[in-house]
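Student: Can you keep this structure in mind? I'll have questions shortly.
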Amino acid sequence: MSPATLLRSPREVRELSRRWRGEGAVVGLVPTMGALHEGHLSLVRRAWEECGRVIVSVFVNPTQFGEGEDFERYPRDLEGDRRLLAEAGCDAVFAPAVEDMYGGGTTDLASGERIFVEAGRLGELWEGEERPGHFRGVCTVVAMLFNAAEPHRAYFGEKDYQQLKVIQKMARDLLFGVEIVPCPTVREPDGLALSSRNAYLSPQERRAARALWRALEAAAGEARGGVRDARRLERAMEEVCRAEPLVRLQYAAVVDAETLQRLGELGDRPARALIAARVGETRLIDNAALP
């Protein structure tokens, strides 16, 4: 199968999307930063099943990386990504350069003259506290992608759960008219959530990284057993991580599944367990619904 059509500029992707819309097609968008794995491809296949046309963006967005993070070394393989996407049902790949999205490129970003989309209080919690400015960058680039691609639907994985909730709220609050479609986390057989950053892990670190899923399972198991005390569930996660020397826990929290506010105890509203840790030098996040 030949690679999907490659688009470089916002104008190109907008013109193509409008042509498809004019033909009566439902347009689906899957935003990614590339280095694609089965988790991304599951989103593309879901979009292909539900939409007439599918656009996948491949853009390593500099504004969602903080100082000292891995923007420069984030894995990039556009040609490999295009081959995978063609097999998954992608019609077009939108892969702009930084200059295509941000005008003057990284120099312009440092000027302080650009307007950004703020993530509000939801974006200040958890990942927002650990990575200041991260969700401002995420909201800004996703808003730009929505404006360029003009999709009917956009597909996001639950693996980045806080990002999903922030984007859902942004789409509602800013009247984008884009349906945000959540998709389940895809995992390795041992439970590790698929992530492009897993490629950074050494074999020893890869084994240690399983502790994140085991921690989430420990909390879910306690909840299934009738434990309602959220702090006890958090301690169950902490204990699993403490037993693995290569894992440095950053947070393990039981939160309301919509507001992401920390809970004192489980109640009638859906709850989520969130976890973030460094395994060696690699930062990983994961989450799970609590019964």
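A Cβ is built for glycine as well, from the same backbone N, Cα and C atoms used for every other residue.
From Swiss-Prot, here are the annotated features:
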- 33-40, 157-160, Val186, 194-197: ATP binding site (BINDING)
- His40: active site, proton donor (ACT_SITE)
- Gln64, Gln163: (R)-pantoate binding site (BINDING)
- Gln64: beta-alanine binding site (BINDING)
Student: Nearest by CA distance to His40 (active site, proton donor): which of the binding-site residues is it, out of Gln64, Glu158, Gln163?
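Tutor: For His40 (active site, proton donor), the spatially nearest of the binding-site residues is Glu158.
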Student: Taking the Cβ of Leu36 (ATP binding site) as the centre, how many other Cβ atoms fall within a 10 Å radius?
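Tutor: I count 25 other Cβ atoms within 10 Å of it.
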Student: Show which residues of the chain containing Glu158 (ATP binding site), separated from it by at least 6 in sequence, have their CB under 8 Å from its CB.
Tutor: Leu164, Pro182, Cys183, Pro184, Thr185, Asn287
Student: Taking just the CA atoms, what is the gap between Gly39 (ATP binding site) and Gln64 ((R)-pantoate binding site) in Å?
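Tutor: Rounded to the nearest whole number, the Cα-Cα distance is 20 Å.
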Student: How many whole Å apart are the CA atoms of Ser196 (ATP binding site) and Gln64 ((R)-pantoate binding site)?
Tutor: 16
Student: Where does Gln64 ((R)-pantoate binding site) sit in the DSSP three-state scheme?
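Tutor: DSSP call for Gln64 ((R)-pantoate binding site): helix.
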Student: So if I measure Cβ to Cβ from Met33 (ATP binding site) and keep only same-chain residues at least 6 apart in sequence, which ones fall under 8 Å?
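Tutor: Those within reach of Met33 (ATP binding site), by Cβ under 8 Å and sequence separation of 6 or more, are Val58, Phe59, Val60, Asn61, Tyr74, Ser196.
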Student: For the recorded positions His40, Gln64, work out the Cβ neighbour count at 10 Å and name the residue with the minimum.
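Tutor: Result for the recorded positions His40, Gln64: minimum number of other Cβ atoms within 10 Å at Gln64.
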Student: Provide the three-state secondary structure of Ser196 (ATP binding site) computed with DSSP.
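Tutor: DSSP call for Ser196 (ATP binding site): helix.
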Student: If you count other C-beta atoms within 10 angstroms, which of the binding-site residues Gln163, Ser196 is the most crowded?
Tutor: Gln163
Student: Test of understanding: give the count of other CB atoms lying within 10 angstroms of the CB of Gly39 (ATP binding site).
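Tutor: There are 21 such Cβ atoms around Gly39 (ATP binding site).
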